Amino acid sequence: MSGKHYKGPEVSCCIKYFIFGFNVIFWFLGIAFLGIGLWAWNEKGVLSNISSITDLGGFDPVWLFLVVGGVMFILGFAGCIGALRENTFLLKFFSVFLGIIFFLELTAGVLAFVFKDWIKDQLYFFINNNIRAYRDDIDLQNLIDFTQEYWQCCGAFGADDWNLNIYFNCTDSNASRERCGVPFSCCTKDPAEDVINTQCGYDARQKPEVDQQIVIYTKGCVPQFEKWLQDNLTIVAGIFIGIALLQIFGICLAQNLVSDIEAVRASW
């Protein structure tokens, strides 16, 4: 007479190692971002003089790497170790942290839609504040140059915003050779030229507006960004929805694994 053995609850290996594998990648990406951020700060001498963090008048792009890298590192660590060691505390922390990020993203999206005019004004102030600090930090300078080249724009709402910078303003007291000019990233590109002419923006704003349009981009970066957003709204919305679904999926998997672990422990 053969007896039937009762098979108790088990932890799903598929869910466990899927969460582990996904978060290992996330963890290493976080370490890479943090490493890039710390390396950039070391190159600037920030690590040897922490007080210099507050010296920059504009936005330091290195903060993006440090913040994003820090969040990815914490999430990756909690998800990876929590799944591998079947640690319910870390898995619950992973779920809650991911849920908070999802809630903040959702809130930011709603607020951006409701207060879009206010967001537009803040973006204008943000860009102009960084225009003032254009020469203060090489990373900020590269970010502004990339933005203006990519969007084919100049300043927040136009080339005259560069009057805010001490090197490019048109005042009589400005002895800079760049006086009444714009950075090279504002210049229209000639496909026949392989070498970038870094002096192409000199004296550009002293010319009549009709002549300016031939030499430099006259549209501001805020209107150009709005236009790009309208033209690519479906793609942008799809990306955000995809990220949101991945976050929900991650929360559900982590909670499912927690339930399996607690069920197994309860059967002991």
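Any Cβ shown, glycine's included, is placed from N, Cα and C.
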Where Swiss-Prot splits the chain into topological domains, do Pro9 and Leu84 land on the same side of the membrane?
yes
Under Swiss-Prot's annotation, the disulfide partner of Cys187 is which of Cys180, Cys200?
Cys200
Swiss-Prot annotation, disulfide partner among Cys180, Cys186, Cys221 for Cys153:
Cys221
Please determine which of the glycosylation sites listed here (Asn169, Asn174, Asn232) has the lowest count of neighbouring CB atoms within 10 Å.
Asn232
Of all the disulfide-bonded residues given, Cys153, Cys180, Cys221, which residue's CB has the most CB neighbours within 10 A?
Cys153
What residue among the disulfide-bonded residues Cys170, Cys186, Cys187, Cys200 has the most other CB atoms lying within 10 A of its CB?
Cys186
